[in-house]
Structures are given as C-alpha cells and as structure tokens.
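Asker: To start, I am sharing the structure in question, which I have written as structure tokens.
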Amino acid sequence: MTTFKRASKALTSKFSAIYTCNFHPVTSLSHFSYTLNASFCSRPRQNNKEASTIDLNQYPSDNIRNFSIIAHVDHGKSTLADRLLELTGTIRKGHGQPQYLDKLQVERERGITVKAQTATMFHRHKFLGSDTDFLLNLIDTPGHVDFSYEVSRSLAACQGALLVVDAAQGVQAQTVANFYLAFESNLAIIPVINKIDQPTADPDRVKTQLKSMFDLNPSDVLLTSAKTGLGLEHVLPAAIERIPPPPGKNTSPLRMLLLDSYYDEYKGVICHVAIVDGALHKGDKICSAATGQSYEVSDVGIMHPELVATGILLTGQVGYIVSGMRSTKEARVGDTLHHTRTVIQPLPGFKPAKHMVFSGLYPADGSDFEALNHAIERLTCNDASVSVTKESSTALGLGFRCGFLGLLHMDVFHQRLEQACSLSHFTMNMEHMSFRLFLQCHIFLSTQMEGMVAYLHVFTFLNALYQSYQSSSVSSFSRFYPCSKLQIQNPAALPSNPKNRLTACWEPTVIATIIIPSEYVGSVITLCAERRGEQLEYSFIDSQRAFMRYRMPLREIVVDFYNELKSITSGYASFDYEDSEYQASDLVKLDILLNGQPVDAMATIVHKSKAPRVGRELVEKLKKFIDRQMFEIIIQAAIGSKVIARETLSAMRKNVLAKCYGGDVTRKRKLLEKQKEGKKRMKRVGSVDIPQEAFHELLKVS
C-alpha cells in the first residue's frame with residue numbers, strides 16, 4: 001500500500017512539472033506570460049484555479065467598455081476579433097483555429113458568421129495619466145443581411161461599434177445598413193479601414209466615401225491589417241478613449257437584459273445577459289418580467305472566450321447565467337430579469353423580427369414528428385428570429401410552418417437542423433411570402449313572409465356567420481358584402497370556391513440598396529425593371545461607384561436576384577434590403593396537380609404576368625424528379641380551373657404479348673385490354689412519391 005502511495009506522489013509531481021501555466025488575465029501582449037510545455041494541447045481549458053484569479057469587483061463601470069464589430073460580408077470582422085483576442089492575451093497566438101469565435105459547423109463550412117459571439121478581454125492602458133486595467137466586452141456580429149437581427153440585438157448591449165471597411169472594396173451595402181443601425185442606437189462609431197496590405201488597397205478613396213456618406217472625419221479613421229497585425233495597436237486605445245462606459249447604476253435594483261440563449265444537454269438553457277443596473281451573485285433568486293417565473297442562479301460568469309465561472313456580474317458587464325430553465329420557451333430574448341420581490345421598470349427589449357420567407361418542414365416518417373419538434377425547439381432557443389407554428393398538409397401530414405428573415409437564413413437553419421440535431425429525413429416545401437388580400441363573399445338574404453324570419457348565409461372559407469334579418473318589403477334578394485382584410489402565409493389557405501372572389505391583393509415589398517461600379521448602371525437598371533422595381537434614388541458616391549435605391553416586390557429578389565446582379569456586374573455589386581410596406585399587385589394562386597389531385601405543399605402565389613412561365617418551369621422540373629410508375633402520371637399547373645401547363649410521365653409498360661408467338665389476334669387484344677384495366681385501377685388507388693430533391697429544385701424557380 002505504501003508503494004502505491006509513493007508511486008502516486010511521484011506521478012503527480014511529474015505531471016505538475018510537465019504542465020506549468022503562469023497566466024494573469026489583466027495583461028497586454030507585452031506583459032503576457034504563458035508557459036505550456038505540453039505539446040498535445042491546442043488551447044488551454046479554463047480551469048477553476050484560473051477562474052478564481054478573475055476578480056470582477058476591481059472593474060467598476062467606468063473601467064468597462066462594451067463594443068461590437070460591424071461590417072459588410074468578408075471585410076475581416078472575425079479576423080480582427082482574433083487579433084484583438086491575441087493582443088489582450090485571451091487566446092494564444094498561433095494556437096487554435098482561425099476565426100476563433102465562429103464555432104458552428106455551418107460557419108466553418110460556409111466561411112460566414114451566423115451567430116453573434118461575445119468574448120470578455122482584459123487590457124491595461126494608460127488612461128488619464130495612470131495605468132488602468134479595463135474590462136472589454138467584444139461582440140463579433142454577422143455581416144449578411146439575413147442576420148441583421150443578430151446585429152441589432154448585439155448593439156443593444158453596446159455603447160460603441162467598430163465599423164470595419166475593406167480598403168479595396170470600400171463602402172458596400174451592408175456597411176450602410178449596419179452604420180444606420182448603430183447610428184439609430186446612439187452608439188459611438190469608430191471607423192476602421194482593414195486590409196491595407198492588399199495590392200489594390202486605396203485607403204484615401206475609402207476615407208472620402210466615409211466622409212461623403214456618413215460624415216465621418218477622415219482623421220478619426222484607423223488604418224489596420226488584421227492579417228499582418230499592422231496598426232492594431234491603435235484599436236483598443238481608441239475603443240477605450242472614444243467609447244463611453246455603461247450608463248447603469250450599481251445602487252439600483254438588478255435589471256439585466258436577456259441577449260441570447262442556447263440549450264445544453266447537462267445544464268439546460270444557458271442565457272447570455274447584459275447587466276444594466278445592480279449586481280448578480282451566484283445563488284440569487286431571479287424572476288422573469290415576461291413569464292413571471294422564478295429561478296435560482298446556479299452558475300454565473302463571463303465568456304473568456306469559453307465559459308468561466310466568476311460567481312458575480314456587476315453593472316455594465318456581459319456574461320452568462322445558468323438558472324435551471326429546462327424549456328427553451330422560458331428563455332425569451334429581450335426579456336428583463338430581476339431579483340424576486342422587487343419592483344422594476346422592464347427594459348424596452350427588442351423589436352420583433354419581421355419574417356420575409358416562410359417554409360414548411362415535415363418529417364419523412366410520421367413517427368418522427370416529436371423528434372423534429374424537439375430539434376426545432378432547441379434551435380429556436382438559439383435563434384430567436386425564427387417563428388414556428390404547427391400545420392397540417394394533405395400531402396405531407398403534420399409539420400411546421402417556419403418564418404425566416406431571408407433565403408440564406410432558411411438554408412442555414414435547415415443545415416443546422418441536419419448537423420446539430422442529426423435529422424436528415426425531413427421534407428422542406430416551397431418558400432412563400434406573407435400576402436394580404438380582400439375576399440368578396442356572396443351573402444344571400446332570403447326572407448320567409450309567414451314568420452318574418454330571415455336567414456343570413458355567409459359563404460367564406462374562414463367560417464359561417466349566422467344572424468337574423470327581418471324585412472317586410474322584399475321577399476327575396478341577394479347582396480355582396482366585403483370581408484375584412486386577411487393575411488396569409490400559406491397559399492393552400494386560399495379558397496378554390498369561385499364564389500369567394502379576390503377583390504384586391506397586396507404583396508410585401510422591400511427597399512433595396514445597390515452599390516455598383518458606374519459602368520454597370522445600364523444593365524442593373526434593366527434587371528430591376530424586369531423585376532418590377534421602382535427607382536427611388538440614384539446618385540454617385542464618387543467617380544467610380546453608383547448608389548441606387550429601389551422599391552421591389554420581395555418575391556422578385558428572394559431567390560436568384562442577387563446571383564444575377566453579381567453575374568452582370570462581374571461580382572463587384574453589393575446588395576442589401578430592408579422590409580417596406582405592402583403594395584397592391586395582380587396576384588394569382590398557382591396550383592400543381594398530380595393526376596388531377598392538387599398538392600397543397602406545392603401551391604404558390606405568383607404575379608399574373610409570370611404565371612405561364614413559372615407554371616411551365618414547375619411541371620418540367622417535376623417531370624425530371626418524379627419516378628415513373630406502373631401507371632401514367634399527369635402533371636399540371638393550373639390557375640383555378642384553367643390548366644396553363646402540362647407534362648405527362650408515361651407508365652412503365654410490361655410486354656404482355658411476349659408469350660404470344662402467334663395465334664388469333666383476339667387473344668392479344670384480350671391481354672392488352674386486361675393490362676389497360678389494371679393500369680386504370682392502379683391509377684385510382686396508387687400514390688405518387690415526391691422526392692426531397694424535387695422540393696429543392698422547385699425553390700429555385702422564381
């Protein structure tokens with residue numbers, strides 16, 4: 001027994017000599033000391049000993065700076081975030097993966113940022129004549145327009161923003177959109193021109209664009225290269241000196257804003273919060289202002305950049321809490337959390353997301369409905385901009401109607417559903433917009449003279465209204481009464497009854513911002529005119545770049561407009577859009593019929609002028625992807641009772657005459673008639689299986 005104890009002590013001392021770590025988080029790169037002799041560790045795990053050295057009490061709100069990085073796609077936001085993390089000693093230089101904060105698999109595969117990620121850094125800076133330790137909360141935000149809701153939520157926890165612009169590309173569409181998001185939030189904006197090491201970089205031209213479009217002083221612009229590290233030593237001092245500290249009060253009751261959440265298999269729902277007023281300690285009992293439910297805080301800490309427990313969060317700090325929430329519906333993004341038995345004024349929260357694209361999700365097997373439901377709940381906890389409602393389809397069974405901010409947002413959500421939740425066998429039907437319409441309903445008023453009792457029958461697809469009517473002068477008559485305005489997200493909800501006549505339709509529109517080289521102006525104007533666009537603004541940023549704003553129907557841009565725009569401008573165009581009002585339009589419902597039976601999952605609403613072309617493309621696509629059966633399949637596209645396109649998928653035919661080498665012709669006719677009757681019977685009772693690839697191809701039809 002003594003021998004085992006001596007061996008254990010020797011082994012422990014051996015490993016402690018191999019693994020030596022001296023780390024103090026409150027350092028800059030020049031004071032950073034980290035020794036790691038173990039070559040098998042790509043980046044150190046945050047252990048309890050290290051976490052205990054972080055004392056958040058030494059960082060009052062005056063020594064806290066909260067800022068985010070905003071930019072257009074591929075302007076170097078994530079790379080700049082990596083260099084700042086290395087500069088402050090938060091992560092080791094040269095270790096770990098590039099774009100450290102992009103943790104999702106879909107972000108790695110696509111090379112884009114999908115989720116805003118927070119990291120707490122510690123930096124020492126000479127401020128007001130003395131060396132002061134600062135706590136910096138950095139939020140790396142997405143750059144694509146479909147994830148602008150992530151940007152708006154991130155800016156709510158910040159007092160400043162780094163506006164990053166590519167030195168070669170210059171100001172682009174999402175640069176404009178993100179600037180105005182930060183400007184409307186009254187944030188301090190620090191312009192940063194990145195990638196100045198590129199051969200085609202022109203910082204002076206970009207400074208002129210920033211001055212002309214945003215009225216930013218060229219002398220305030222920082223010139224950097226996140227790839228080489230050039231000029232990065234000026235970024236953090238500028239953030240400390242130009243960005244104000246958080247405005248909260250330490251003495252006020254606790255108020256914290258729920259910024260984001262995600263589901264953990266062991267801890268439940270982990271919430272990212274920003275402390276607006278007061279302080280939060282481990283073991284405190286908190287309450288939700290939205291749901292009224294109470295929880296006990298079992299863990300609290302910061303993202304450094306991994307979760308590091310600190311036991312406390314003070315005013316102005318951004319961190320995480322674990323409160324025992326087991327349901328994703330309890331964590332409402334934008335909710336105000338406070339101490340129980342205290343009365344507070346709830347925070348404004350966030351504007352609700354406006355969904356632009358709707359798509360249906362159905363399990364391939366009906367028994368997988370609950371698994372799909374659980375997977376969608378877990379993902380919506382981490383993506384509050386997705387709306388989910390249950391629906392039923394005649395062709396596909398029980399499923400979900402999901403609303404997204406754009407086509408890329410929908411595609412990324414489906415990919416995350418396959419990767420994170422291991423679900424690959426589900427069906428996605430065609431995407432749709434939200435339409436508004438007036439239906440004119442027949443209202444028949446008939447009077448029986450004996451009892452002076454009238455019956456009012458209102459035929460509408462919503463419900464039947466019954467009320468009494470009395471009249472002594474007219475024996476029988478009929479009138480038309482307009483129904484109220486309806487908003488639909490699924491074309492299958494439109495009635496097929498000809499008595500319910502559409503009197504007016506409205507479709508959603510967007511305000512599109514396009515920035516292009518001046519030599520492509522004519523081609524872009526032609527493209528926008530073909531997509532029913534209305535020009536609102538046309539100006540020149542400088543001698544080489546044009547700025548255009550159009551009002552366009554959403555359905556005209558949501559599928560392939562951006563691809564065509566990039567094609568005709570040789571990839572130099574930048575595009576952004578924001579939702580606008582509904583406008584009246586001549587819309588029709590286009591049904592897809594298989595052997596005369598409508599498939600509600602494939603119904604769509606199109607402009608009347610484009611219905612024939614879209615109908616032909618849809619039936620041609622379906623003919624390629626539907627497998628042949630033993631009976632004939634007739635594929636039709638119809639508007640009401642009028643068929644506008646048709647394709648026929650011929651039946652697979654067995655040669656029943658192969659065994660007849662001769663004999664009377666009547667025997668051959670008898671065999672052919674028997675085969676014909678069998679195919680009619682199969683056509684009546686047979687079903688057509690529509691593969692998932694067919695739905696994906698139909699999504700590409702504009």
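Backbone N, Cα and C atoms are what each Cβ position is placed from, and that goes for glycine too.
Checked TrEMBL, it gives:
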DOMAIN    62-247  domain 'Tr-type G'
BINDING   71-78, 140-144, 194-197  GTP binding site
Asker: Quick one: give me the count of other CB atoms within 10 A of the CB of A71 (GTP binding site).
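Answerer: So the number of other Cβ atoms within 10 Å of A71 (GTP binding site) is 27.
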Asker: Out of K77, H144, which of the binding-site residues has the smallest number of neighbouring Cβ atoms within 10 Å?
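Answerer: Candidates: the binding-site residues K77, H144. Fewest Cβ atoms within 10 Å: H144.
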Asker: Which residues, sitting 6 or more apart from I196 (GTP binding site) on the same chain, put a CB under 8 Å from its CB?
Answerer: A167, P203, L223, T224, S225, L230, G231
Asker: Same chain only, sequence gap of 6 or more: which residues have a CB within under 8 Å of the CB of T141 (GTP binding site)?
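Answerer: Residues satisfying the criterion: S68, I69, I70, K77, T113, A116, E150, V151, S154, N178.
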Asker: Just counting, how many other CB atoms are there within 10 A of the CB of D74 (GTP binding site)?
Answerer: 15
